[in-house]
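Undergrad: Please read through the structure below; I'll follow up with questions.
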Amino acid sequence: MGQEEKNIAIFASGEGTNFTALVTAFRQQNLPLKVKLLICDHPAVNVLRRAAEEKVPSLVVDFKAYPNKAVAEQQIIKQLQAKQIDFILLAGYMRIIGPTLLAAYPHKIINIHPALLPHFSGRHGIEDAFAAGVATTGVTIHWVDSGIDTGKIIAQRTVTILPQDDLASLAKRIHATEHRLYPQVVEQLLNEGEI
């Protein structure tokens, strides 16, 4: 490919299916992207097991152990710099990125959200769309800014809410869409020189 390898950090808070989808896609497509670090804010979640299986180092950050978010983010930045991280992918990370981290990685952080932003922002995008009774929802990938799910949209894919859907079946289709879209968008950004 001829492109210089870029070092990636993935931030996640839970199951880690997007983490696995990204790592697998980068490897299978032979992309010049190396996932060098997982940042997690919970000590007992499945994404940590997934990172160990993929031999990706992980760092659990207990935000309660720091006097404030800025100090916690300074510690994260030290780890990111030690691993020479070029770009950050949020994948089910349930914390708002603060100004300290945003300043250290300007235009270098993207997020995936399980709804069609600007609708159904926040923690419960799938549940909120389902409860609202809309006909379609979907997945959004966007740049991270200081707001909650307010950054410039990079890509969206729609998912139809079927009459027979329950929350679990809708969530399953949303996650499948995420797993396809996120690696595609990262590859697109790489090819466009954004990463």
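Even glycines carry a Cβ here, placed using N, Cα and C.
Not measured: the values here are computed from a predicted model.
Annotations for this protein, taken from TrEMBL, read as follows:
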type: ACT_SITE; residues: H113; note: active site, proton donor
type: BINDING; residues: G16, T17, N18; note: N(1)-(5-phospho-beta-D-ribosyl)glycinamide binding site
type: BINDING; residues: K69, M94, R95, I96, I97, N111; note: (6R)-10-formyltetrahydrofolate binding site
type: SITE; residues: D149; note: site 'Raises pKa of active site His'
Undergrad: Looking at the recorded positions listed here (K69, I96, I97, H113, D149), whose Cα lies nearest to that of N18 (N(1)-(5-phospho-beta-D-ribosyl)glycinamide binding site)?
TA: H113
Undergrad: What are the other residues, in sequence order, whose C-beta lies within 8 angstroms of the center of the C-beta atoms of G16, T17, N18 at the N(1)-(5-phospho-beta-D-ribosyl)glycinamide site?
TA: A12, G14, E15, F19, T20, A21, V47, R50, A91, G92, H175, H179
Undergrad: For the (6R)-10-formyltetrahydrofolate binding residues given in the record (K69, M94, R95, I96, I97, N111), what is the largest pairwise C-alpha separation in angstrom?
TA: 19
Undergrad: Measuring Cα to Cα, how many Å separate T17 (N(1)-(5-phospho-beta-D-ribosyl)glycinamide binding site) from I97 ((6R)-10-formyltetrahydrofolate binding site)?
TA: 21
Undergrad: For M94 ((6R)-10-formyltetrahydrofolate binding site) and G16 (N(1)-(5-phospho-beta-D-ribosyl)glycinamide binding site), determine the Cα separation and express it in whole Å.
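TA: About 12 Å separate the Cα atoms of these two residues.
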